[in-house]
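A.B. asks: Not my notes, these are from TrEMBL:
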type     : residues : note
COMPBIAS : 475-485  : compositional bias 'Low complexity'
COMPBIAS : 495-506  : compositional bias 'Low complexity'
COMPBIAS : 507-519  : compositional bias 'Gly residues'
COMPBIAS : 529-548  : compositional bias 'Gly residues'
DOMAIN   : 25-473   : domain 'Major facilitator superfamily (MFS) profile'
REGION   : 475-554  : region 'Disordered'
TRANSMEM : 21-40    : transmembrane segment
TRANSMEM : 60-79    : transmembrane segment
TRANSMEM : 91-110   : transmembrane segment
TRANSMEM : 116-138  : transmembrane segment
TRANSMEM : 150-172  : transmembrane segment
TRANSMEM : 178-199  : transmembrane segment
TRANSMEM : 281-303  : transmembrane segment
TRANSMEM : 315-333  : transmembrane segment
TRANSMEM : 345-361  : transmembrane segment
TRANSMEM : 373-395  : transmembrane segment
TRANSMEM : 416-435  : transmembrane segment
TRANSMEM : 447-469  : transmembrane segment
Amino acid sequence: MATMLPASETTSRASLRTAPPTWLVVALACAGQFLVVLDVSVVNVALPSIRADLGLSGPGLQWVVNAYAIAFAGFMLLGGRAGDLFGRKRMFLVGLSLFTVASLGGGFAQEGWELLAARAAQGLGAAVLAPSTLTLLTSAVPEGAARARAIATWTAVGAGGGAAGGLIGGLLVEGLSWRWVLLINVPIGAVVLAAALRWLPESRAAGRRRLDLPGAVLVTSGLGALAYGISQTEATGWTASATLVPLFAGLLLIGLFLLVEARTTAPLMPLRLLALRPVSSANAAMFLSGSAMFCMWFFMTLYAQNVLGYSPLEAGLALVPSSLAVVVGSKLAPRWMRRLGARRVAVLGSLTGAAGFGWQSTMRADGGYLTGIMLPGILMMLGAGLTATPLAALATSGADPRDAGLVSGMINTSRVMGGSLGLAVMSTIAAARTGESTGAVPLTEGYALAFRASAVVLLAGAAVMAVWLPGKEAAGTAGPPDTAGAGSGAEARRSAGAGSAGDLAGAAGGGDLVGAGEEGGARHAGGARNAGGAGEGGGGAGEGGDAAGAGAAR
């Protein structure tokens, strides 16, 4: 008579017999992440063509970016928790399916509102998809050197997607049309879907926790209402009902969100963590940094094409040095943190970015590439890379190890939210100066004013960092990161993965700290040596992810 195996052992052996090659799981996870990051950056060079074809207004054009970013920011943490509850493979498939279908709808949009609705659906799909990419990878790859290499590959692919987005977008717009920056996702998404359905293994976290759907809906709606109200000020002024109603509605929804978070048993954003000085100060600083950095790619693309007369491809190529500067800044940050401390590096990064924005605000209608785009762009994005990593490290080192991944997710959310509102504010500032004119001089003056305002925001951010960030420098002084525990802890994986995109869209406001959350936060949960290790890990692991999101921030 055959001996019956325990159910758990039977499942384990069955899984071993049917397990796909590890490299295939890594490839599929990287493909999903590449699509999420690429779609943030690829759309920027298409903005002038989209406006001409669909008749979007100047302030309305920012919603092509913000519709994606706001949906991503509002639902990213919920997407990570859904993967823990219902299965990472299932959420990968659901998110990628929604993302692909939304890309198809956006590619065939005939009206501006149709495109914006499709972009919002893309953002929602990305918020469900992105967390699963990293958690599937870490579940499939054994702990240790192999997992560290897999995470490095994942972050490098994300960085590549952000850096290549402008170039790919330029090629598609110039060779085909702006619609292909969205339609290109359809065949790629279909292939990845078929392969994922066949080969990806399923995994989920132990235990059952509630989904905070009301919290996600409230924060997304509140953020969208605030951004809409801000964008209305250019057309109707601050005292018109068309402005005041959405602004008050947004504030009310955000207030209800905080109330829900204080009372629910499984909040998206536990308010108790904001009582910790490292967490609250780092989130405030990241919000300010994101609100300035987010608009860089938006206005640089418009300046290159609308004022200097660059083609979409030339505009994409012109911004490649800026993309590389993010990578350089993210690589330098962990090393400088060991010497100077995390707070000083964060302040230095914000000041560097402010210098770049200030330089860019001197732009002229007859400006040249070297001093009008390349050098100030390098300074701006070098600052973005230097700022994000130490802020993430300080935030996670100040939290309980069990909350490190969640804190990483929160700081990503703060950056994308700041970026979304910042883009709305800067677009309104630029439009107020430009008016309805399409001439090179008034457009340049409007863009320059937005860059000047962003420089002021970054200076304020540097002051906040210098005064409010904790003075202890442990987060930047430890030795090499301990990757043994990477990927352990469902909470760390959930929150870390959820922060991808920004890349979103650092999400257009800086870097994507997914890497920092997973490698740093999960290592915290798995038993890092100390807060310094967490900080260095958050920085080191975040290098790739940070670069990815900051590139994606475009």
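Backbone N, Cα and C define each Cβ position, glycine as well.
Owing to the predicted nature of the structure, the values given are computational and were not obtained by experimental measurement.
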A.B. asks: Short question: most Cβ pairs under 8 Å with the transmembrane segment (60-79), which of 150-172, 178-199, 416-435?
C.D. replies: 416-435
A.B. asks: Tell me, what is the mean pLDDT of the domain 'Major facilitator superfamily (MFS) profile' (25-473)?
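C.D. replies: Over the domain 'Major facilitator superfamily (MFS) profile' (25-473), the predicted model scores a mean pLDDT of 86.
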A.B. asks: Name the range, of those listed as 178-199, 345-361, 373-395, that has the largest tally of Cβ pairs under 8 Å with the transmembrane segment (281-303).
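C.D. replies: Comparing 178-199, 345-361, 373-395: 373-395 has the most Cβ pairs near the transmembrane segment (281-303).
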A.B. asks: Look over the recorded stretches 21-40, 91-110, 315-333, 373-395, 416-435 and say which has the most C-beta pairs under 8 A to the transmembrane segment (116-138).
C.D. replies: 91-110
A.B. asks: Using a threshold of three or more Cβ pairs below 8 Å, and leaving out pairs closer than 6 in sequence, do the transmembrane segment (91-110) and the transmembrane segment (150-172) count as in contact?
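C.D. replies: No, since the transmembrane segment (150-172) and the transmembrane segment (91-110) share fewer than 3 Cβ pairs closer than 8 Å, they do not count as touching.
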